[in-house]
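Student: Can you keep this structure in mind? I'll have questions shortly.
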Amino acid sequence: KCAHLRLVCQAEQKPYYTSKLWWCGITLLGLGELGNFTAYGFAPITLVAPLGCVSVIGSAFISVFFLKKTMRTADILAGTLTITGINLLVTFAPNVPQELTARQVQNYLVSWPFLVYSILEIIIFCILLYFYKRKAVKHIVVLLMMVAVLASLTVIAVKAVSSMIAVSVKGKMQLTYSVFYIIIVLMATSCAFQIKFLNQAMHLYEATAVVPINYVFFTTSAIISGVIFYREFQGAALLNVFMFLFGCLLSFLGVIIITRNKKEEHLQIRFIDCGCIPGQKLAGKIQPDSHSSCYGTLNKEDDLVKRQS
């Protein structure tokens with residue numbers, strides 16, 4: 001974001017991929033996602049998915065230094081709620097073995113709870129897709145619910161792939177099993193369609209609306225898939241479950257508060273600087289008015305000055 005804003009302010013417009021700052025940001029983003037992928041191999045889905053709120057809160061606070069945004073009282077409140085929620089999530093997360101072999105993944109795939117869950121997800125997704133395609137319903141809830149349904153499959157596949165790679169690195173080779181490559185295909189396919197619907201939601205609606213709703217939907221679907229597929233809360237105490245869900249609720253509130261009532265910052269330049277136009281000596285600025293008959297032209301006074309000169 002900072003790289004895009006700097007490029008817009010330059011007199012000579014250059015492509016964003018020529019900026020070293022932009023490449024630095026993309027590299028850091030890639031390293032962060034690599035760490036996120038690795039975390040699924042060593043921690044439960046029900047813990048890793050809700051901790052995604054750290055990126056939302058972190059972005060809001062970092063933007064104060066890099067984008068010169070104003071820190072609001074609501075941001076401090078949201079940060080406090082989120083940190084409290086994170087502490088509860090880490091403290092009361094399910095304590096289950098995280099080393100998954102290919103045979104365990106195969107057994108989970110054919111278990112009846114997952115088969116019932118898969119059938120319900122397919123039905124829900126087909127209903128949503130019907131309204132999306134045939135009825136042309138592009139409501140934000142419809143789009144992000146489809147993203148959430150696909151995301152549940154994505155996190156299941158990501159955890160399976162990450163865990164099997166981790167077990168293979170420790171000496172027990174799991175990459176020779178066919179289920180490993182089936183899961184990779186499932187992961188890539190669900191990711192591709194997830195990006196498609198999320199991108200359309202970002203195109204039609206403001207990010208301040210998409211980010212919190214997507215976070216809530218994604219986290220909820222990830223927790224449900226972790227509970228059903230990997231049985232992560234099996235045998236957990238009722239108090240632990242309640243406190244974990246309370247931590248999720250605090251994280252949800254933190255993300256919603258920090259994105260509420262924030263205006264979108266557009267990068268388009270609304271004024272045409274005459275000083276940047278070759279052969280134009282005027283240093284004034286024009287505000288185009290699309291509803292006017294003289295759209296994009298100088299007003300009469302400026303025309304008179306130009307003729308006299």
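Residue numbering: from 1, along the chain as shown.
Cβ atoms are placed via backbone N, Cα and C, with glycine included.
The shown structure was predicted, so the numbers you read here are calculated from the model rather than taken from an experiment.
Dumping what TrEMBL says about this protein:
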- 21-42: transmembrane segment (TRANSMEM)
- 48-67: transmembrane segment (TRANSMEM)
- 74-94: transmembrane segment (TRANSMEM)
- 114-132: transmembrane segment (TRANSMEM)
- 139-158: transmembrane segment (TRANSMEM)
- 178-198: transmembrane segment (TRANSMEM)
- 210-230: transmembrane segment (TRANSMEM)
- 236-258: transmembrane segment (TRANSMEM)
Student: If we skip the immediate neighbours and take only residues 6+ beyond the ends of the transmembrane segment (21-42), which ones have a Cβ under 8 Å from one of its Cβ atoms?
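Tutor: That would be 2-4, 6, 48, 52, 55, 98, 155, 158-159, 162-163, 165-166.
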Student: Near the transmembrane segment (74-94), which same-chain residues lie under 8 Å Cβ to Cβ, leaving out any that are not at least 6 residues past its ends?
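Tutor: Counting only partners 6 or more residues beyond its ends, the transmembrane segment (74-94) has Cβ contacts under 8 Å with 43-44, 46-47, 50-51, 53-54, 57, 60-61, 232-233, 236, 240-241, 243-244, 246-255, 257-258, 260-261.
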Student: Other than its close neighbours in sequence, what residues sit by the transmembrane segment (114-132), given a CB gap under 8 Å and a spacing of at least six beyond its ends?
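Tutor: Non-local partners: 108, 138, 142-143, 145-146, 149-150, 152-153, 224-225, 228-229.
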Student: Who are the long-range neighbours of the transmembrane segment (139-158) in its own chain, taking Cβ under 8 Å and residues 6 or more past its ends?
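Tutor: Distal contacts: 37, 40, 45, 49, 121, 124-125, 128-129, 131-132, 183-184, 186-187, 190-191, 193-194, 197-198, 200-201, 204-205, 209-210, 213-214, 217-218, 220-222, 224-226, 229-230.
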